[in-house]
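J.: This is the structure, below, for whatever I ask next.
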Amino acid sequence: MATDGESISMSVAVAACVAMAVFYVLILYAPTVILRLPSASSYSEFMIRRFICAAICTVASLVFTAFILPIKSWEASVILGVYGIRTDHLWQGVVYPLLLTSLIYASSLVLKLLLLLESWKENGGGCSSFNYIRSFFQTIPASVLTGASNVSVWRNFIVAPVTEELVFRACMIPLLLCAGFRIYTAIFLCPVLFSLAHLNHFREMYIRHNRSYLRATLIVGLQLGYTVIFGAYASFLFIRTGHLAAPLFAHIFCNYMGLPVLYAQGKGLVSAAFLGGVVGFVSLLFPLTKPLMYNDSTNDCPCWLGYCLWH
């Protein structure tokens, strides 16, 4: 990326990114290893400790990155802009990436619809179906309250997506681009660090869940492969849109949906939807992420970063 101001060296940028990734993992064990606190008495207490540790790491990474980058202005709007935290073009930064991401889950969404139709038929259709739908909507408030008190919900849909996107996208990508790495190098380098930050899952699988070494390796290997793919996609969204909201909401949506459904016995429409979704995703990947749709500039580059750093 061409610059007309100061820059940082590639080695410094890579070292900073590795340090943040390692810190993100190691701090999770700080309560028992460093602070010598007794083991958590419940799963909720265990997760809350991790939430606090992840928050500390995220704040430290944001401050650390701000001091390394050659930011010319310390206005809040400029600093937040470097991290992709912007209010302009916000709805585009949320809606278009979500639509794009949903194409990968076309098969899962079709399966859910088919199951809903089957349930509707089992309930007799007509008035009974309306009663079923009404009772479903009546349970939404209770479901929201239950979810708000569930630490797993907080972990999967709030804490993990927010802290991971801030550290592994908002902090690392500006560092790599400012150091002169090519865009696609940054897109594929961040996911490697992102996946390595999930290696602690092996310890949990092997020790906490008492899985065999082979089974734990296979499970974590699959998770790492998935996180590399998603990490590359999230990095792509962040660079192309300049909005942290783009990878953040995609992250939350993927956490909610899980792995895409490839096949459902007796439901060929599901497989057809998956193939159609993949074709649609590939076809619309670049059109729906044109930088011009998210920035007031005609440059086909991460222009938000250049503006924040050198103006």
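The backbone N, Cα and C atoms fix where each Cβ goes, and this holds for glycine too.
TrEMBL lists 152-257 with the feature domain 'CAAX prenyl protease 2/Lysostaphin resistance protein A-like'. For 12-30, 51-74, 94-115, 136-154, 166-197, 218-238, 244-262, 269-288, the entry in TrEMBL reads transmembrane segment.
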J.: Which sequence positions outside the transmembrane segment (244-262), separated from its termini by at least 6 residues, show Cβ-Cβ distances below 8 Å to it?
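T.: The answer is 83-86, 90, 93-94, 96-98, 100-102, 104-105, 107-108, 111, 156-157, 160-162, 164-166, 169-170, 226, 230, 233-235, 237-238, 270-271, 274, 277, 294.
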J.: Using a Cβ-Cβ cut-off of under 8 Å, list the residues of the same chain that are 6+ residues beyond the ends of the transmembrane segment (12-30) and lie near it.
T.: 50, 53-54, 56-57, 60-61, 64-65, 68, 163-164, 167-168, 171-172, 175-176, 178-179, 181, 189-190, 193-194, 196-197, 199-200
J.: Is the transmembrane segment (94-115) packed against any residues at least 6 beyond its ends, judged by a Cβ distance under 8 Å, and which are they?
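T.: 237, 241, 243, 245-247, 249-250, 253-254, 257-258, 260-262, 264, 267, 269-271, 273-274, 276-278, 280-281, 284-285, 288-289, 293.
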J.: If you average pLDDT over the domain 'CAAX prenyl protease 2/Lysostaphin resistance protein A-like' (152-257), what do you get?
T.: 86
